[in-house]
Each structure stands twice: as structure tokens, then as C-alpha cells.
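Encoded as C-alpha cells, the structure appears first; notes follow it.
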Amino acid sequence: MASALIISNLTQEWLESLRQWHLEYFFIPTIVITVATLLANPVLVSCIVLSRALRQETRYLLVANTLTADILYLILNMATIICNAVRVPIPWLVCELVTAITVTTYCCAILTVTLMVVDTYAAVRWPLRYHDVLPPARTHRILVGVWVLAALYPFTLLIMMEMEKGNPHEVAFCLALIFLGFFQVNNLEGVHIYFFVAALICALLIFVCYIQLYMVTRTHGIWQSRFSRARVTLLAHGVLLLLYFAPGFVFTMELFLFQEKAISQDVRVWISTVNMSVFMLLPRAFAPYLYGLRYREISKTLMQLLHPHQRLGQTTVS
């Protein structure tokens with residue numbers, strides 16, 4: 001009963017802060033970015049799935065997995081925001097389940113983009129053995145393992161939370177920060193440390209792989225031109241990786257500030273709203289256009305799917 005009262009008070013205070021600062025307007029860019037991304041992501045995933053050649057490449061399977069995780073994340077995030085905006089009471093179990101799946105999809109995207117960098121390093125470092133070490137069947141098993149690893153921690157927290165008595169039946173506002181922050185305060189210290197360490201390990205692995213890539217390829221001449229394809233690709237992927245990781249570190253900071261009495265509620269609400277409504281969506285908005293434009297095979301397959309008659313005409317002429 002005490003837990004239900006605390007969660008109810010937390011959600012009501014959060015709603016009051018949102019109304020006081022009119023932060024509901026941040027939901028507008030959220031919906032716009034989400035709709036724009038959901039129009040592009042399924043198209044690129046379909047290109048990869050329908051193309052036999054792309055399905056045989058590990059890097060494109062990783063791209064498809066990242067985009068799929070982003071699609072699930074965006075759908076759940078927008079559904080939650082809409083329910084919160086129209087003040088629909090949400091069953092606590094549903095809120096817990098949506099939070100666990102949302103965290104899983106976010107972690108899966110982070111793990112997959114990390115694997116994309118590792119895959120690039122492996123392809124450059126061991127080009128002759130690369131396809132033997134990573135055939136499509138093994139890549140599929142790795143991706144299943146990534147989803148299981150990403151789901152392990154949030155669903156463990158969900159099970160532990162459900163084993164407790166006194167949880168509310170409904171909540172007026174469903175937010176991952178409230179669910180994880182409340183669990184951290186009452187059950188398990190250091191939830192924010194787990195997310196921080198996991199993200200830090202992935203970031204360090206990416207940094208090491210990029211340093212090794214530069215060391216291996218610096219004598220090949222691909223870095224000499226200021227606007228070479230290698231430099232532009234590295235810059236684009238670096239920015240995208242930063243956009244993926246930065247909101248995760250901000251969320252970790254939110255969990256840490258959740259139990260700090262010196263931080264006002266308004267500051268927490270501002271940070272959480274901007275991070276959830278803008279920062280977490282930016283990498284998902286840029287990713288499909290970066291992959292679609294920078295990967296020639298994907299863009300070529302996309303053009304063939306969009307203009308099948310043109311392809312048929314070229315075949316007939318030749």
C-alpha cells in the first residue's frame with residue numbers, strides 16, 4: 001500500500017510540473033520525428049530482407065536489426081506519450097511491461113551499433129577469413145543473443161518488481177524513469193551504475209576499434225584527402241554513434257538524480273522530457289537516411305524496388 005501511494009504521488013507531481021511549464025509542447029516534435037522515421041525504417045528493412053544479396057552480408061543484417069529495434073522503440077515511445085498526453089490511466093503491469101520492452105529495444109540498438117563497428121574492424125583486419133568466421137547463420141544466432149542479452153536485465157527487474165506486494169493497480173503517468181528510479185530507491189541500489197558501465201564498455205570498444213581501423217588503413221591512402229569517402233563516413237558514423245550514446249548517459253544521470261533531494265522536481269522533469277522527446281529520437285531519425293544514402297547497395301536496391309519498370313526497361317535494352 002505504501003508503494004502504491006508513493007508511486008501515485010510521484011506521477012501526480014510529475015504531471016503538475018509538466019502542466020506548470022507547458023512541456024506538453026515537446027510532444028509535437030516527438031510525433032513529427034517518429035512519423036518521419038517510421039516512414040523510412042520499414043522501407044529499408046524491407047530492402048534488406050527482400051534482397052538475397054543483402055541478406056548474406058553481416059553488416060546489412062546488423063543494420064536491419066538496428067532499424068527494427070528502433071521501430072519497436074518508436075512505436076512504444078509514441079504510444080506511451082500519447083497515453084500520457086490524454087491522461088489515460090495505465091495499468092501498472094502494462095506500464096512495467098512497456099518500460100521493460102522499451103529499455104530492451106534501446107539496449108539492443110546500442111549493442112547492435114557497437115557490433116557494427118566491431119564487424120567493420122573484423123572485415124578490414126581479416127578480409128580473407130571474415131566470411132568464413134561470420135556466415136549469415138552465425139550472424140543470426142549472434143543477433144538472437146543480442147536481443148536476449150538486452151532483455152535480461154530489464155525483465156529481471158520487472159519480475160522482481162512484480163514479486164513485491166503493494167504495487168498500484170493503475171498510474172496516471174507511465175515513465176521509464178519513475179519505474180526504474182522507484183525500483184532503485186526501494187530495492188536495488190546502483191541501477192544507474194549498471195547502465196553507465198554497460199554503455200561505457202560499448203563506447204570504449206567502439207573507440208578502440210576505430211583507433212585500430214585507422215592504424216591498419218593509414219598506409220592505404222584513404223585518409224589523405226580532406227573530403228575522402230573514408231573521412232566523411234567516419235564523421236557521419238561518429239556523429240550517429242554520439243547521438244545514440246549521449247541520451248543513454250543522460251538517462252543514467254537522470255536515474256542518479258532521481259534519489260537526490262537537492263535536485264528540484266522541475267529540473268528532473270525538464271531533463272527527462274527533453275531527453276525522451278528529442279535527444280533519444282535524433283539518432284533514430286538520422287539512421288535510416290544515413291544508411292540509405294551511404295550504403296550504395298541499399299540505395300541501389302531501394303531504387304530497384306521503387307522503380308521496377310525502369311529496371312526491366314534497362315534489362316530489355318541491354
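Glycine is treated like the rest: Cβ placed from N, Cα and C.
No curator has checked TrEMBL annotations; they are predicted automatically.
Annotated transmembrane segment per TrEMBL: 25-51 (among others), in sequence order.
The domain 'G-protein coupled receptors family 1 profile' annotation in TrEMBL covers 40-291.
Residues or ranges marked as transmembrane segment by TrEMBL: 71-90 (among others).
Residues or ranges marked as transmembrane segment in TrEMBL: 97-122 (among others).
The transmembrane segment annotation in TrEMBL covers 142-161 (among others).
TrEMBL lists 191-213 (among others) with the feature transmembrane segment. When Cβ-Cβ distances below 8 Å are used as the criterion, the transmembrane segment (191-213) is approached by residues 107, 110-111, 114, 117-118, 120-121, 124-125, 153, 157, 180, 183-184, 234, 238, 241, 245, 248-249, 251-253, 255-256 of the same chain, each at least six residues removed from its ends.
Summarising the annotation, TrEMBL assigns transmembrane segment to 234-257 (among others).
Feature annotation from TrEMBL assigns transmembrane segment to 269-291 (among others). With a threshold of 8 Å between CB atoms, the same-chain residues lying at least 6 positions outside the transmembrane segment (269-291) that come near it are 14, 17-18, 21, 23, 26-27, 29-30, 33-34, 36-37, 40-41, 43-44, 63, 66-67, 70, 73-74, 77, 81, 106, 109, 175, 177, 236-237, 239-240, 243-244, 246-247, 250-251, 253-254, 257, 298.
When the stretches 25-51, 71-90, 234-257 are ranked by Cβ pairs under 8 Å to the transmembrane segment (97-122), first place goes to 71-90. Distant neighbours of the transmembrane segment (234-257): 106, 109-110, 113, 117, 176-177, 180-181, 184, 191-192, 195-196, 199, 202-203, 206, 210, 263, 267-268, 271-272, 275, 279-280, 282-283, 286-287, 290, 294; these residues of the same chain sit at least 6 beyond its ends, with a Cβ under 8 Å from one of its Cβ atoms.
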